[in-house]
Amino acid sequence: MAATFPTVDKCTSNGREKHMVVADMDGTLLRGRSSFPYFALIAFEVGGILRLLFLLLVTPLAGLLYYFISESSGIQVLIFATFAGVRVSEIESVARAVLPKFYSSDLHPESWRVLSACEKRCILTANPRIMVEPFLKDFLGFDTVLGTEIATYKGKATGFVCLPGVLVGKKKADALKKAFGDVQPEIGLGDRHTDIPFMKLCKEGYMVPAEPEVEAVTNDKLPKPIIFHDGRLVLKPTPLMALLTLLWLPVGFFLACLRISAGALLPMPLVYYAFWALGVRVTVKGTPPPPPKKSTGQSGVLFICSHRTLLDPIFLSTALGRPIPAVTYSVSRLSEFISPIKTVRLSRDRARDASMIKKLLEEGDLAICPEGTTCREPFLLRFSALFAELTDELVPVAMVNRMSMFHGTTARGWKGMDPFYFFMNPSPAYEVTFLNKLPAELTCGSGKSSHDVANYIQRVIAASLSYEYTGFTRKDKYRALAGNDGTVVEKPLLQPNKVMGC
């Protein structure tokens, strides 16, 4: 039956400006024919290790049902294992903050060529609408998303689906007729025989073949780039990768505890070598300034670092071979407990903050690692501008880290676990680049405004990292990823504490 339709490469994209296209998702819009990795991402993000393990254990059953009984029953098993008992708001959060990056890296070039040429775009998918709609509408500009509707009770998913059930086969055709009535779409795209019923309702139908392998659409061809991303997993969790991740977690957690203990208990000059012995790679570039000489009354240097994780000031201290106090405005209690360095929490009182920071700079070097170092960030400008008024000894530092399994930072989850996730990577790496100290003529001491100095530092760090200006702020990031503006409840603390950094 599939042979009755030509392949998608035969579909012209010229003159489609007023046309409507309807497409399946897995295997059609996306190159991959399996939706397991996306269910696995949700399972891990909302339920952690146990939920991912449960999903992995029932996957063989889902596969047997899918291939030998019916597509809908196999997908229903995946939906139940992933969603049962999970808050709907958490599912929406993962769909908005985590899935878009993985979906966008798997777009089929031929399908997207046709879809992007049409004015109106509609997706018909067996996947739950709640997990695919944010990406399709916000990033690809789809007008209509018709997918399986999950059942809910008191704000939580039950694991079951609403009538008419999982959208496969004839149910896709029924959903299309219900949505558009007598309007006949110009193009229908599918990849398997169960897509034929809805494709017959279109004026033209095209099949997307599984072979040969094709390269995914590149990011520069997307209508809207993926700027913000959250989530713990670095790689797309195929069944094999999910299994390897679960097997590595106990080993990785033990290794993380060992690495954190080494950083917290050993003298800072030895931490660099201990990290290398434990598989943590620290690369130092540039020429760091020597420690200040208190005997001559020399004030400390202010290191202004780009923000990657909570561990930024730890690796700055590791690179320098001496502990550098850090300034922040929030930190978790767990990070506070395991930290090898001293941190000062800023308040909202500018005069009090300035007095404390000036005192710390008189005692030695100091570091700040504010978020938004390379974008338009009002908080960063206030943050950096405050320091620029207090000292002319300013050294920008560009931070880069590499992780192969887990991301060491999150906007949605508990940030107290950030250090553990970073150190659970088999061989995590940090690259610390010391840039040139700001010339005297570019500091506040030479008449420059503090905001001009802060903006200049941002541009220098961004240029070093080859980052582009986006115009987004820290609030934009947290609204996109966590559904809030990232505001931290103010605590009346401005005393030095042993904490993890910023």
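Glycine too: its Cβ is placed from the backbone N, Cα and C atoms.
No curator has checked TrEMBL annotations; they are predicted automatically.
Taking the domain 'Phospholipid/glycerol acyltransferase' (301-402) as a whole, pLDDT averages 76 in the prediction. According to TrEMBL, the feature domain 'Phospholipid/glycerol acyltransferase' maps to 301-402.
Distant neighbours of the transmembrane segment (38-58): 77-79, 81-83, 86-87, 90-91, 94-95, 98-99, 102-103, 127, 131, 231-233, 236-237, 239, 242-243, 245-246, 249, 412-413; these residues of the same chain sit at least 6 beyond its ends, with a Cβ under 8 Å from one of its Cβ atoms. TrEMBL lists 38-58 (among others) with the feature transmembrane segment.
For 240-262 (among others), the entry in TrEMBL reads transmembrane segment. Remote same-chain partners of the transmembrane segment (240-262), defined as residues 6 or more beyond its termini with a Cβ less than 8 Å from a stretch Cβ, comprise 40, 49, 52-53, 55-56, 233, 271, 274-275, 278-280, 338, 405-406, 419-426.
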